[in-house]
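Among the features that TrEMBL reports, domain 'Radical SAM core' is placed at 52-277. Per TrEMBL, the feature [4Fe-4S] cluster binding site maps to Cys67, Cys71, Cys74. For Cys110, Cys202, Arg272, the entry in TrEMBL reads [2Fe-2S] cluster binding site.
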Amino acid sequence: MPEILDIARAQVLERGTGLDEAGVLAVLRLPDEHVPDALQLAHEVRMRWCGPEVEVEGIVSLKTGGCPEDCHFCSQSGLFTSPVRSVWLDIPSLVEAAKQTAATGATEFCIVAAVRGPDERLMKQMREGVAAIKAEVDIQVAASLGMLSQEQVDELVEMGVHRYNHNLETSRTYFPNVVTTHSWEERWDTLRMVRDSGMEVCCGGILGLGETVEQRAEFAAQLAELDPHEVPLNFLNPRPGTPLGDRPVVEGKDALRAIAAFRLAMPRTILRYAGGREITLGDLGTRDGLLGGINAVIVGNYLTTLGRPASADLELLDDLKMPVKALSATL
Ligand code: SF4
């Protein structure tokens, strides 16, 4: 057994202390034949420190496309030729989407908008939308609206938004290669305010943007320092018309190494599969990930591309004897 896995067994599995950057890098460099061992250990860590439950989440886009920022992987940027137009969802459709999400057994409904940060119009939509959902649907509401001011953080808390998603996307040193219209530090500032407000922090990113394996390890360590409640892990799905449209997809084995490594860096976090997993991992990979440290899935639509149908994931969870996490009794 490679030494790093023995260290991880003693440190992460037994004591619940995540691997540091050097440890993550060693896992990311494991030879192919030891990837199953790393996944097995990551699975044991997840079962020990998080339990068998899987959090099922739905996501809806309140405002799609036409974003003024230039994140090179994103088809919702208005600066590229990718074919996503700016579209707003109305409140009745938002409530309907929340109902459909709740009907799958999901406990989380995340409202997303492709913006640099919310303006008054978006905050008004949120006020009305969250109130309408809370009046009609039994589900926790999360939001992802870009960078926030302190007043906006306070307002979201007041609305009853319990979790906020804002991804760092990639390591601090690689970020300027991927985004030039705002900085990694600006994203970090929003995350700090969200964490201090008492909202749960959801923060992850995308692998396969051209970062080195060292920068992947750096990113995992930076996420671990933030200590988010949830980490969505995406693999680049290269979108036509974006600057990264021609990048190769992450190899399945590298994706599985990353899943194991990120779990070993963050034993207690909700680690979620987000976009791109179908093309990187396929159906088999979904199972491998759930048996390798992943404990949350999105049902239904991703933001701009279609994911697997909800029933396929729910059947898989049933198959794996992993119960869907229930709404907490405190609601
Ligand atoms: S990732 Fe977010 S901020 Fe960046 S272009 Fe896409 S929608 Fe805009």
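Each Cβ is built from the backbone N, Cα and C atoms, and glycine gets one as well.
Here the features listed in TrEMBL are painted onto the structure.
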| residue | record | contacts (Cβ under 8 Å, 6+ apart) |
| --- | --- | --- |
| Cys67 | [4Fe-4S] cluster binding site | Cys74, Gln76, Ser77, Gly78, Ala114, Val115, Arg116 |
| Cys71 | [4Fe-4S] cluster binding site | Ser77, Glu169, Val178, Val179 |
| Cys110 | [2Fe-2S] cluster binding site | Glu57, Gly58, Ile59, Val60, Val141, Ala142, Ala143, Ser144, Arg163, Asn165, Cys202 |
| Arg272 | [2Fe-2S] cluster binding site | Glu55, Glu57, Gly204, Glu230, Val231, Pro232, Leu233, Ile294, Asn295, Ala296, Val297, Ile298 |
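In sequence order, Glu69, Asp70, Phe73, Ser75, Gln76, Ser77, Ala114, Val179 are the residues of the same chain, not among Cys67, Cys71, Cys74, whose CB sits within 8 A of the CB centroid for the [4Fe-4S] cluster site.
For Cys202 ([2Fe-2S] cluster binding site), the count of additional Cβ atoms within 10 Å of its Cβ stands at 27 [all protein chains shown]. Screening the binding-site residues Cys67, Cys74, Cys110, Cys202, Arg272 for a C-beta under 6 A from any atom of ligand 1 leaves Cys67, Cys74. In the shown protein chains, 25 other C-beta atoms lie within 10 A of the C-beta of Cys74 ([4Fe-4S] cluster binding site). Excluding the listed site residues Cys110, Cys202, Arg272, the same chain places Glu57, Ile59, Glu108, Ala142, Ser144, Arg163, Asn165, Gly204, Glu230, Pro232, Ile270, Ala274, Ala296, Ile298 with Cβ atoms within 8 Å of the centre of the [2Fe-2S] cluster site Cβ atoms.
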